[in-house]
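Peer 1: Okay, these came from TrEMBL:
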TRANSMEM  A:12-36  transmembrane segment
DOMAIN    A:66-254  domain 'ABC transmembrane type-1'
TRANSMEM  A:70-92  transmembrane segment
TRANSMEM  A:104-126  transmembrane segment
TRANSMEM  A:132-151  transmembrane segment
TRANSMEM  A:184-201  transmembrane segment
TRANSMEM  A:207-226  transmembrane segment
TRANSMEM  A:238-255  transmembrane segment
Amino acid sequence: MNEARHPLRLPGTAVLAALAMLFLYVPIIVLVVLSFNASDMTTIWTGFSLHWYAQALGNDTMLVAIGNSLTVAAAATVLATAAATSAALGIARSGGRVRTAVEGLLGLPLLIPEIVTAVALLMLFVLVGVRLGLMSVILAHTVFCIPFAYYPIRSRLAALDPALGEAASDLYAPAWRRFLRIELPLLAPGIFAGALLAFISSLGDFVITYFVAGPGATTLPVYIYGMIRTGITPEVNALSTLLLLASVAVVAIVFRSGTTPANQTRGEKTS
Amino acid sequence: MNDTIVAISDVSKRYAGAVQPALAGVSLDIRRNEFFTLLGPSGCGKTTLLRLIAGFGMPDSGQISLDGKLLGQTPPNLRPINTVFQSYALFPHMSVAENIGFGLEMLGQPRETVRSRVTEMLRLVRLEGMGERRPAQLSGGQQQRVALARALAPAPKVLLLDEPLSALDLKLRREMQIELKRLQTETGITFVFVTHDQEEALAMSDRLAVMRDGVVMQVGSPENLYDRPANLFVAEFIGEANFWNATCLERSGAGGRFAIGTSKAVMPVAEAQGLAEGAKAVLVVRPERITLGAAEPGLLHGTVETAVYRGSDLVVHAALAGGGELRARLPGSIAAAGLIGTATGFAFPADAVRVFPA
Amino acid sequence: MSTVRTSPGLLAAPAALFLIVFMLVPVGLMLYVSTLERGAFGGVNWGQHTAIAYEKLLFERDLAGQIAFNSDYIAIILRSFRLAAVTTAVTLALGIPTALYMASLPPRRAALMLFLVTVPFWTNLLVRNFAWILILRNGGPLDSALATTGLVTPPLDILYTPLATGIGLTYSFLPFMILPIYVALERIDRRLIEAAFDLGADRWRVLSRVVLPLAAPGIAAGAILVFVPCLGAYVSPELLGGGKSLMIGNLIQAQFGASRNWPFGAALALVLLLVLLVALALLASVKRRERLAS
């Protein structure tokens with residue numbers, strides 16, 4: 001197709017698109033560049049250095065925060081991915097009304113503003129008597145990780161012939177062997193993408209964690225928030241760059257697996 | 001040899017949200033070692049019935065038994081019945097050999113047994129040496145053979161085939177029809193075959209059931225259904241036929257004499273049970289039973305409009321004198337040129353006619 | 001389509017139950033708490049119902065119990081709506097052309113650009129807002145860059161203003177606008193556009209009469225995906241807005257922190273939920289119109 005003649009190519013769109021991309025990436029570039037700045041003045045460039053990375057990674061409190069973040073993300077990812085895989089298989093095999101209800105429920109955490117989820121969960125935990133700590137954070141993260149894990153698995157499942165599972169049953173496979181030999185291997189790319197997206201969402205969450213994490217359950221974003229509030233040091237730049245790198249890696253892997261997160265979530269993610 | 005292997009008694013099934021039931025009181029006996037076909041237009045319930053036999057879903061009422069034992073709630077993995085799926089449903093992440101061996105593996109057969117059985121099956125479906133390929137590397141026809149081999153490998157009591165040939169082109173389809181028939185004879189397994197293609201059904205089946213709207217319209221051998229359709233639907237669905245409105249003039253013995261349409265033609269009919277004198281009826285006559293006759297009063301008259309030479313036969317369309325059309329399949333030795341435009345008489349024997357109340 | 005005796009829906013039960021317990025129940029609880037009396041030391045007095053949390057949105061009571069109009073909270077709520085509306089408008093203005101441009105690219109380049117838009121979408125919100133602190137602060141890159149043009153004299157004092165909050169919100173939510181519009185444009189049957197050209201429409205007519213109406217559900221979805229979370233934003237106003245441009249999110253947080261007024265916090269959160277419901281109803285009507293039209 002002749003690009004210049006593409007019907008959607010209107011004068012001005014290229015310029016505005018370039019502006020939008022610039023707007024999206026300049027802050028990221030500034031952040032990354034400054035994280036390698038030798039100066040302790042966060043915004044004046046004096047030379048290349050990995051000093052702040054060393055300092056950040058040598059900070060014990062921060063290492064504890066990273067440890068908490070990884071623990072929470074791992075636990076929430078496992079719980080959410082298992083629940084989402086099971087739900088995807090169940091929904092695919094059940095009829096209209098159950099399907100609509102459960103799918104609506106699964107999409108809810110992406111729809112409800114994060115601050116609302118945060119305070120609602122806080123009240124639940126406090127009133128029921130769940131101690132605020134890593135456990136409450138893991139439970140809260142599982143809530144919003146479920147839809148992130150669910151959508152890629154669902155779209156993978158939708159692309160598979162439903163007769164495959166039936167064929168396995170027909171050939172004498174009991175339910176668990178059908179799952180292990182047929183459904184799990186065939187869904188693996190979707191499950192993998194879903195788990196990665198759940199993991200990165202958990203790792204990056206700030207607002208909900210901020211509300212439901214008690215003392216001793218500080219995650220990396222909560223820790224970074226504290227640092228920003230107390231005074232900006234280049235250490236924050238280094239940490240932020242590391243978090244950024246993690247997201248880019250995850251999105252790149254998911255993209256390469258051919259299941260684009262944008263199409264799966266249909267932009268339903270809220271911040 | 002005519003004992004029943006699958007007995008279906010009064011089975012009904014309605015899907016959630018559907019107005020019409022998919023099956024409304026179906027009863028059928030499928031015999032051991034026969035090639036049985038469920039034939040009907042889409043939505044007639046034939047695939048639903050097949051799925052119920054396989055165990056994918058349960059009947060709302062009625063029962064299905066296999067070899068005299070009620071299947072009840074038995075899940076598909078515990079039924080010695082295998083299916084060839086319309087989409088083949090080959091496991092894409094497994095080799096051809098792994099696909100074919102899957103059923104035996106699930107049945108806990110030793111590795112050696114599985115391997116030799118897979119080799120045997122590959123030979124049976126003429127895919128020797130293809131065992132290590134992936135399904136995606138095979139042509140449609142080859143995938144079809146793998147699906148067959150996979151379903152036959154565990155030597156099921158019954159093999160179910162859900163429109164397995166519908167994805168193939170005509171030539172391959174014809175080949176596979178012969179192939180399927182050969183496999184059925186060689187293995188001696190009961191085949192239950194679902195199709196909407198009546199030619200395919202006639203060519204392959206020992207017996208067939210014609211279905212419509214969840215009801216069995218007629219069961220019998222291909223010859224039986226073709227020559228003696230039990231109702232207008234079967235007469236229309238299987239083969240070609242002429243349908244003429246007629247009036248019963250006179251009954252005598254089993255048969256009688258009928259006036260066709262508004263013409264003066266009065267035709268003898270060998271069997272006309274259930275029709276009183278003066279009753280309105282539809283006469284059904286297969287085109288190949290019609291011959292050219294004398295242009296005498298009281299016989300069927302018409303003007304030949306088209307005559308198409310088909311090698312073995314000559315297909316003639318004629319406008320009947322009293323209104324209506326006639327289609328005849330005459331021997332190919334008759335010259336078309338001499339017929340077109342001429343008024344001529346047509347005849348058929350009294351036993352070639354089937355009569356149904358209008 | 002079941003192949004097992006147990007109902008297949010049971011497989012969905014763990015996820016469904018989990019979300020009922022940790023999503024529906026908490027929201028219901030919040031609704032209930034908003035009707036309760038606040039406890040003397042935080043928390044609530046169970047069984048003591050009052051509408052005071054809602055009254056507080058507009059009125060205050062002095063020590064003598066006199067009710068007087070209080071515009072403090074309504075001002076914050078109105079500011080939140082204003083910021084959310086402006087952000088939605090700006091992201092629309094940038095998002096529609098960007099999505100159009102993306103949809104006009106050959107597949108491989110469109111995929112690359114989709115990737116580039118998606119990366120910020122998945123990048124930590126805190127990090128992204130933090131980057132703007134670096135840029136906007138006095139003596140930061142923006143100051144220096146504008147100073148060299150000589151048009152303005154630094155410091156610009158942008159950071160810790162509603163403008164900074166707006167920039168942060170726009171930045172946070174731009175991908176949420178671009179992605180659904182792009183998906184909608186991508187789904188338009190190319191032949192419809194060609195048919196419009198064939199019938200003699202020029203590019204702008206094709207855009208306004210064919211393309212944008214067909215992409216309307218995507219545009220509406222994008223607007224809602226920006227507006228609703230914007231209204232409840234916490235991070236951008238907190239980090240970039242300073243104390244002078246609080247939004248509903250900050251106000252809610254305060255009720256669970258320093259102010260210890262759960263019923264009022266719950267009532268404020270319900271305002272956000274209500275807006276979400278209205279937005280969803282609007283989206284449903286746009287989609288219904290679309291379906292009727294096609």
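Each residue's number is its place along the chain shown, starting with 1.
Cβ coordinates come from backbone N, Cα and C, glycine included.
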Peer 1: Mind checking which residues reach the transmembrane segment (A:207-226)? Cβ under 8 Å, same chain, six or more beyond either end.
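Peer 2: For the transmembrane segment (A:207-226), the far contacts come to 61-62, 64-66, 68-69, 72, 114-115, 117-119, 121-122, 125, 131-134, 136-137, 140-141, 144, 236, 239-240, 243, 271.
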Peer 1: Quick check: do the transmembrane segment (A:238-255) and the transmembrane segment (A:12-36) share at least 3 Cβ pairs under 8 Å, counting only pairs 6+ apart in sequence?
Peer 2: yes
Peer 1: Go through the chain and flag residues at least 6 beyond the ends of the transmembrane segment (A:132-151) whose CB is under 8 A from any CB in it; none is fine as an answer.
Peer 2: 68, 71-73, 75-77, 79-81, 83-85, 87-88, 106-110, 114, 117-118, 121-122, 125-126, 191, 194-195, 197-198, 201-202, 205, 208-209, 212-214, 216-217, 219, 264-266, 268-269
Peer 1: Let me spell it out: take the transmembrane segment (A:184-201), skip the flanking residues so only those 6+ beyond its ends count, and list any with a Cβ under 8 Å from a Cβ in it.
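Peer 2: For the transmembrane segment (A:184-201), the sequence-distant neighbours (Cβ-Cβ under 8 Å, at least 6 residues beyond its ends) are 73-74, 76-77, 80-81, 84-85, 88, 141, 144-146, 148-157, 160, 164, 246-247, 250-251, 253-254, 257-259, 261, 264, 269.
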